[in-house]
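Peer 1: Below you'll find the structure I mean.
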Amino acid sequence: MPQTLHVHSRVKDYDILFTDHVLKTLADCLGERKQRKLLFITDQTVYHLYQTLFEEFAQQYNAFVHVCPPGGQSKSLERVSAIYDQLIAENFSKKDMIITIGGGVVGDLGGFVAATYYRGIPYIQIPTTLLSQVDSSIGGKVGVHFKGLTNMIGSIYPPEAIIISTTFLETLPQREFSCGISEMLKIGFIHDRPLFQQLRDFQKETDKQGLERLIYQSISNKKRIVEQDEFENGLRMSLNFGHTLGHAIESLCHHDFYHHGEAIAIGMVVDAKLAVSKRLLPKEDLDSLLQVFERYQLPTTLERADVSATSLFDVFKTDKKNSEQHIIFILPTETGFTTLAINKDDHQFVEKLDSLL
């Protein structure tokens, strides 16, 4: 497997570096910046699992650490403010750097702080979950939730580099592993059916090298897409398959009942059912999706009686993908994807949605 993928960005190019030696790779990335101040942003789970690694950071660099509570509720302006306070207290300048080491929440949060502190300081991502390695760290999207709404405030702000080490996945709980598989299945189902089929048949326990190949293949797909459409005006919209409903579920469940990959799995099933109902997708493809989600213990139906189709529809109206009058869904087709525009006043769609959940 190649050690580096180079990502072209209209904002700033960056490298995705594959390694088993995080400390050495980070040192190589920093270069002359080794003498600058570094703020490592992480969460309590990662900090306790890899405390020795953070101790080595402290020995080698002028390093500070900010440790967040785990979970989606840390993606908040309150947490951003706390990190700003630490940066100001330690007199961080535009030439100093943030390094995120954690899952998607930590990466999105730290990237947003980097994008906005002094109108932008450099940062490096070290994603530690499967989902963050194959999806959220790539493409420059950073942001936080606001008033319960998912990723409501954010920007496109690429990192200096992304360091991928599959050794972090050895401590990843099965639930989090399945959430990462969910995003890999998403990109495979829309853009790379051979990848989808390989994931369907993959045996995690006996094929570590196979996992590395699948991760590389998933990342390569996302790299290709974001290079063609960095600001989500066309092709990159396809990566929102499952996300209109998934983000609404996360918002209504306060970002703590379902993990991101689980909410997106439910969203993908509903999008696929819509596609089947419009004869855009063969029912056999929907059945295949349901089977592979079941294999990875991903939910396929909404299990919260307090979350109704009506409440979901109200949250849809705040989605970033919307046009002025329409809610946008991404539907899979036999050969790719298409968009479905639902009028914001179409209450008949609420009944349709209720039948699909």
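Placed from the backbone N, Cα and C atoms, the Cβ positions cover glycine too.
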Peer 1: Swiss-Prot has GLY104, VAL105, VAL106, GLY107, ASP108, THR128, THR129, PHE168, LEU169, GLU170, THR171 binding NAD(+). Which one of LYS141, LYS147, LYS186 is in the same site?
Peer 2: LYS141
Peer 1: Per Swiss-Prot, which one of GLU183, GLU303, GLU324, GLU334 shares the Zn(2+) site with HIS243, HIS260?
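Peer 2: According to Swiss-Prot, the candidate sharing the Zn(2+) site with HIS243, HIS260 is GLU183.
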Peer 1: Rounded to whole angstrom, what's the largest C-alpha distance between any two of GLY104, VAL105, VAL106, GLY107, ASP108, THR128, THR129, LYS141, PHE168, LEU169, GLU170, THR171, listed as binding NAD(+)?
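Peer 2: The NAD(+)-binding residues span at most 26 Å between Cα atoms.
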Peer 1: Across all the protein chains here, work out how many other Cβ atoms are within 10 Å of the Cβ of ASP108 (NAD(+) binding site).
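Peer 2: Excluding its own Cβ, ASP108 (NAD(+) binding site) sees 26 Cβ atoms within 10 Å.
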Peer 1: My understanding is the cutoff is Cβ-Cβ under 8 Å with a sequence separation of 6 or more in the same chain; which residues meet that for GLU183 (Zn(2+) binding site)?
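Peer 2: When sequence neighbours closer than 6 are ignored, GLU183 (Zn(2+) binding site) has LEU131, VAL134, ASP135, SER218, GLY261, ILE264 within Cβ distance under 8 Å.
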Peer 1: Please report the distance from the Cα of ASP108 (NAD(+) binding site) to the Cα of HIS243 (Zn(2+) binding site), rounded to the nearest angstrom.
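Peer 2: Counting only the Cα atoms, the answer is 16 Å.
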Peer 1: Around the Zn(2+) site (GLU183, HIS243, HIS260), what further same-chain residues have their C-beta within 8 angstroms of the site's C-beta centre?
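Peer 2: Near the Zn(2+) site, beyond GLU183, HIS243, HIS260, sit LEU131, ASP135, SER136, SER182, LYS186, GLY242, GLY246, GLY261, ALA263, ILE264.
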Peer 1: Let's check the environment of PHE168 (NAD(+) binding site): how many other CB atoms sit within 10 Å of its CB?
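Peer 2: A count of 23.
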